Amino acid sequence: MTEKKYIVALDQGTTSSRAVVMDHDANIISVSQREFEQIYPKPGWVEHDPMEIWATQSSTLVEVLAKADISSDQIAAIGITNQRETTIVWEKETGKPIYNAIVWQCRRTAEICEHLKRDGMEEYIRNNTGLVIDPYFSGTKVKWILDHVEGSRERARRGELLFGTVDTWLIWKMTQGRVHVTDYTNASRTMLFNIHTLDWDDKMLEVLDIPREMLPEVRRSSEVYGQTNIGGKGGTRIPISGIAGDQQAALFGQLCVKEGMAKNTYGTGCFMLMNTGEKAVKSENGLLTTIACGPTGEVNYALEGAVFMAGASIQWLRDEMKLINDAYDSEYFATKVQNTNGVYVVPAFTGLGAPYWDPYARGAIFGLTRGVNANHIIRATLESIAYQTRDVLEAMQADSGIRLHALRVDGGAVANNFLMQFQSDILGTRVERPEVREVTALGAAYLAGLAVGFWQNLDELQEKAVIEREFRPGIETTERNYRYAGWKKAVKRAMAWEEHDE
């Protein structure tokens, strides 16, 4: 009898490294997770230790196999998904980083971004990389490291230093320095990559003074990049055959591989991506144009919108307002009242993301009357997550001309049935919640498995995609639009709050 085979997905996130073992039916067999240190050298600066990222990720890989009681020769392939934009520069010879990883959340390169804007680069960057000028993306982080570590730019020109996002760093370590690659999805988040020519952009490299010699080779999201030995000693060599940035991996894990399919991930914030097929749609409504995975890991394009406060607003109800003891309580209290009694909560604690991009907006509660109680405020806070998702979807539909028929959802907050029903109500479209909630890891596993023939094609994967529950709109169009108009009025009044009058 042949031994049963499995796929391992490595999910390297912002606060923890995880490894997930899946079988041929896409069932999760075991999970291992390790958190690592968040480093805050100055206000607004965020770093990770790349060696700690590697140590936690490699140990979860060994651990997860031990937990599942399977041997390395039962692993058909490994897929990697990762926090995007986080930037690492290391020595080619020794494999030692020359500086800590600069994390996607880090704002230290705001001044470099202001220079780019003053130099009139906004339109070029939008047209060629699909992005907006923001410290979020990798390009300015690489420049900062080369500007601040003495002699590093010259060393990079001589080919002594390498740059990579987290996927590139992990593969370099897993292959003992034999393979220096990234995939199209991660490259598209660097602000150094031309999403139309599918190559590093010479003008961006010149403007940021980044030597091409230090950049990884860019490959498809589903192919064999190299092989690794788990534990580092002899034994079976396992192919590494899937890579995707976390949000694109979730899009693929939800099997949103056709034009017009979309998913929303409800975490601390919300990330909504819509596959636009082979067409890169330039956004006129505050969204990003990015690369996604097509049916066999080839290049598709997507529109992406990020909402800053989703689960974080529920944490605020719990930690600061003390209105609930646990995030799970929010559903119970929200359903104790029939409606919000006219209340709208705009959770713009750190400004507003897509499609408004207003850093001066601040959180506000509107419509308070003597009859408003805590349950109304809890309900209005939950509803704000759904309203913000509609804001992003309206922008997507305006940009793409595509009408959404169903939204696939994942992330912690999708367990909240009240929120999912209200999301369907306010969008006027079906909301589909999958049985397997680990869709980011699932996406990495699918990409890796397809590359080595573990799964033959997407049709085979579609059979495994079980929708656990479907939510359908339960309110009339007039009611939907009336409520949404109230939200838009509230947002307008919360905007520009911190802007100082002359």
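For all residues, glycine too, the Cβ spot is worked out from N, Cα and C.
Record check, Swiss-Prot: ATP site residues include Thr14, Thr15, Ser16, Thr268, Gly311, Gln315, and the candidate from Gly164, Gly177, Gly412 also listed there is Gly412.
Of the residues proposed, Tyr40, Tyr124, Tyr136, Tyr301, the one Swiss-Prot records at the same glycerol site as Arg84, Glu85, Asp246, Gln247 is Tyr136.
The CA atom of Arg18 (ADP binding site) is located 12 Å away from the CA atom of Asp246 (sn-glycerol 3-phosphate binding site).
The CA atom of Tyr136 (sn-glycerol 3-phosphate binding site) is located 15 Å away from the CA atom of Gln247 (glycerol binding site). Its Cβ taken as reference, Thr14 (sn-glycerol 3-phosphate binding site) is surrounded by 19 other Cβ atoms within 10 Å in the chains shown. Here Thr268 (ADP binding site) is compared against the binding-site residues Thr14, Glu85, Asp246, Gln315, and the shortest C-alpha distance is to Gln315.
Nearest neighbour of Gln247 (glycerol binding site) by Cα distance, taken over the binding-site residues Thr14, Arg84, Glu85, Asn416: Arg84. Around Gly412 (ADP binding site), a 10 Å sphere centred on its CB holds 15 further CB atoms from the protein chains shown.
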